[in-house]
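Enquirer: Swiss-Prot lists these features:
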BINDING   Asp7, Ala8, Gly9, Asn10, Ser11, Gly12, Leu13, Lys14, Thr120  ATP binding site
BINDING   Tyr88, Gly95, Val96, Asp97, Arg98, Thr172  substrate binding site
ACT_SITE  Asp97  active site, proton acceptor
BINDING   Asp117  K(+) binding site
Amino acid sequence: MKELDLDAGNSGLKWRLVESGRVIDRGIIIYGANAQKWSMPTKGACRAFVSSVSSKEVDDAIREVLKDIKDVFWAKTASSYGSLVNAYADYASLGVDRWLALIAAYSKYPEDLCVIDCGTAVTVDYVDKFGVHKGGYIAPGGALMLKSLNVNTAALKGTYGYDSELIPGSSTRECIERGVYYMQKAFVLSVARRCAESRIVCTGGGVKALLGNDEAYTYVEDLVLDGLRIVANAVPVN
């Protein structure tokens, strides 16, 4: 039985095709492309699981792509899941991606945790060994910082990326790229130090650039999608 997992984020959509519990295909779609040309292997999939923090337009495009799949599950944030308890008074306002990442992390590692997701935004969430969510932080990711400088500072317009060299730059480009990288790395290391006795679980496309292969961190490639499958498979099939 083939099942399609989708994680619709702020700037792109991550998908993977699972058969008998094994990932057999995966891909990433960057928004902006015509939804009719989105390439996902929907043919043969009997179920689809969706996590989305994106716009109504993206959600509508997903529904169109999945229209031939009978059983489609859309994840929602809850006040609790098993022994995991959401810290937000308005629990539904916690992004479903953060919630699913917490579910996956705590299911894999039921201990004191710091969960870091480096994407368009960098999110940090803490949970204790009893499953009590202690809240967290949200900060702009590197691409957002670079875009802000590009849009709001006329003299700095240009196309920039990450530069992991931490010595001071000797050109405007180097100063911007290294400065943004330094801010990102300092933020992540700072929140990690706050929970030095906890397991630090990291995910997201930007985490490798910031942390490399540091063994002090537990890297899980598909943390949100893993949490999505945990929740979806707990719901009876229609």
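Backbone N, Cα and C define each Cβ position, glycine as well.
Walk me through where these features lie, including what they touch and how far apart they are.
Expert: Just so you know, the Cβ of Asp7 (ATP binding site) picks up 28 other Cβ atoms within 10 Å once every protein chain is counted. Annotation note: Asp7 (ATP binding site) sits in a strand segment as assigned by DSSP.
According to DSSP, Thr172 (substrate binding site) sits within a helical segment.
Classification of Asp97 (substrate binding site) by DSSP places it within a helix.
DSSP gives Asp117 (K(+) binding site) a strand state.
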Enquirer: I'd like to know which of these binding-site residues, Ser11, Thr172, is least surrounded, judged by other CB atoms within 10 A.
Expert: Thr172
Enquirer: Is any of the binding-site residues Asp7, Gly9, Thr120 within 10 Å of Asp97 (substrate binding site) (Cα-Cα), and if so, which, in sequence order?
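Expert: If one measures from the Cα of Asp97 (substrate binding site), the binding-site residues that come within 10 Å are Asp7, Gly9.
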Enquirer: Which residues, sitting 6 or more apart from Gly95 (substrate binding site) on the same chain, put a CB under 8 Å from its CB?
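Expert: Looking at Cβ-Cβ distances below 8 Å from Gly95 (substrate binding site), excluding near sequence neighbours, one finds Val53, Thr77, Thr123.
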Enquirer: Rounded to the nearest angstrom, how far is the Cα of Asp117 (K(+) binding site) from the Cα of Tyr88 (substrate binding site)?
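Expert: Roughly 18 Å, rounded to the nearest whole number.
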